Each structure stands twice: as structure tokens, then as C-alpha cells.
Amino acid sequence: MYYYRYDSAEVSCCYKYLMFSYNIIFWLAGAAFIAAGFWAWSEKGVLLDLTQVTQLHGFDPVWLVLVVGGVTFILGFAGCVGALRENICLLKFFSGVIGFIFVLELTAAVLAVVFQSQVRDWINDFFLANVKAYRDDIDLQNLIDSLQRMNHCCGAQEPDDWDQNVYFSCNGTHRSREKCGVPFSCCNADPSDSVVNTQCGYDVRNIPNKIEWSEHIYTKGCISALEDWLPGNLYTVAIVFIVISLLQMVGIYLARTLISDIEKVRLNY
């Protein structure tokens, strides 16, 4: 009598299409980020003159959009194609990079807690460097304005930090109308104003008594505002970090499970 063994090992369709669905969202999101980044560069004329990329002295937010979009697009592509084609190489690449990013995030969080003073100094220097380049790039300008308006702050440590910018500096012989002033985003917001007064910060720092500045502009630095904001929103920051970590862990789990299924099927043939 002969006995036949029928192997029913097969790749789980559940994990396969869960992996595909998980990654298609990130793939499309990455494509959208890349498109938005190139659109922003085209609006600034960078695509017509690529030398502008290296001429900016401050931080161009478009770079962040393109890097995040590029990484997300590549990972989404590897996950989608790896799942549909049952390609172990792409799936291992996907899970490896996700794991590496998770370790980087964890390391950055630990270092930020351990070296708080050094991180604070680095953020301060970074902010001052971008204050200096405020007028060099419209996206950088909008980013700083948004930061100052949302946090009711002005400069890194104080409004006088705007002396770092050639247009707002009180020093020198330049004839800028903004001399000894601050950007409009430093001004005390009036909810009744339907039109933003972009000249509200002119000549404010010419007022001899600095105590009177608070009647016109925010006098708290943005570094101090960030330090005040963080303790009150610690749970929010923790929840965001946990959600991102869980998404990464789910992606790694799906990829490793799919790899295991594919390897089992191949061993049976």
C-alpha cells in the first residue's frame, strides 16, 4: 500500500494583501510628497537654475519634504512589489530599513534626553542661522513666520536676535525700511484685524525701553517657548511616537511573516 502526502503549504493571502494595503498608502503618500517638493521648487525657479540649491545659506524646507517623500516612496514600492511578487529580497530590504529607522529614532530620543544642553545649543544655533537667511527663501520665511505666530515668540532667545539678519539689523549703514524692526509674525496678534499688517514690526526695536516692546511684539524667544510647550504636551508627543513605532513594528511583522511563508513554500517544491 502506498501513501501519498499532499503538501498544502502556501503563502497566506491574508498577510500578502495586508502587506500590500499597508504599503500602497505610503507609496502614494511618498509620490505626493515628491510631487509637492518639485512643485515648490518649480514655483521658486529652482528647477530652471539648479545652482540655487547650493546658494541658500539657511534650511530649505523643500529638502525635508523631498527626503521624507523619497524614503517613503522607496519603502512603499519595495513593500508593495515585494508582497505581490513574493520577492524575499525586497521584503528583507523593506523590513531592514524600517528596523534601521526605528533604531535611529530611538537613539535620537535617548540622546536628546541625555544631552539636553547640547541639543538646546544646537537648536539655538540652527534657528539663528535661519534667521540670518530669512529673506533668502520664501519657504524658509513662511516656516519661521508660522513658528513665531503659533508659539507667540520672536527670535531664538529674544527679539534682538533679528540683528543677525541684514535687513532687520540695527547695526551698519544699510537703508532697509525694516532696520531695527522684526517680522510681522513677531507682532501681538489682534483677533479683530481681518487684514494682516505686515509693517507692524517696523522700528519696534528703536524704542529705548524694552519693557514697552511687549505692547507691540512677543518678547519671549522661540527656544523658551518650545521648552514651555513640551512639558504640557508630553503625552501628545509620547502618543505620536508610540503610534509611529507601532506602525513600524506592524510593517516589520507583516514583512517577516510573509518572508517566512514564502520560504516554507519554496522548501516544499
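Every residue, even glycine, has its Cβ placed from backbone N, Cα and C.
Curation plays no part in TrEMBL annotations; they are all automatic predictions.
Feature annotations, reproduced from TrEMBL:
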{"type": "TRANSMEM", "residues": "20-41", "note": "transmembrane segment"}
{"type": "TRANSMEM", "residues": "61-81", "note": "transmembrane segment"}
{"type": "TRANSMEM", "residues": "93-115", "note": "transmembrane segment"}
{"type": "DISULFID", "residues": "Cys153-Cys186", "note": "disulfide bond"}
{"type": "DISULFID", "residues": "Cys154-Cys170", "note": "disulfide bond"}
{"type": "TRANSMEM", "residues": "234-255", "note": "transmembrane segment"}
Seminar exercise, completed: Cys154 (disulfide bond) sits from Cys186 (disulfide bond) (Cα to Cα, rounded, in Å) at a distance of 5
For this session: Please name the residue among the disulfide-bonded residues Cys170, Cys186 whose C-beta has the most neighbouring C-beta atoms within 10 angstroms.
Result: Cys186
For this session: May I ask which of the stretches 20-41, 61-81, 234-255 has the most CB pairs under 8 A with the transmembrane segment (93-115)?
Result: 234-255
For this session: May I ask for the distance between Cys153 (disulfide bond) and Cys170 (disulfide bond), taken between their Cα atoms and rounded to an integer number of Å?
Result: 20
For this session: Would you kindly list the residues that approach the transmembrane segment (20-41) from elsewhere in its chain, counting only those six or more residues past its ends and only Cβ-Cβ distances under 8 Å?
Result: 47, 62, 65-66, 68-80, 83-84, 94, 139, 250-251, 254
Problem set entry | Neighbour count (Cβ, 10 Å) for Cys154 (disulfide bond) | 27
For this session: Would you mind checking how many other C-beta atoms are within 10 angstroms of the C-beta on Cys153 (disulfide bond)?
Result: 26
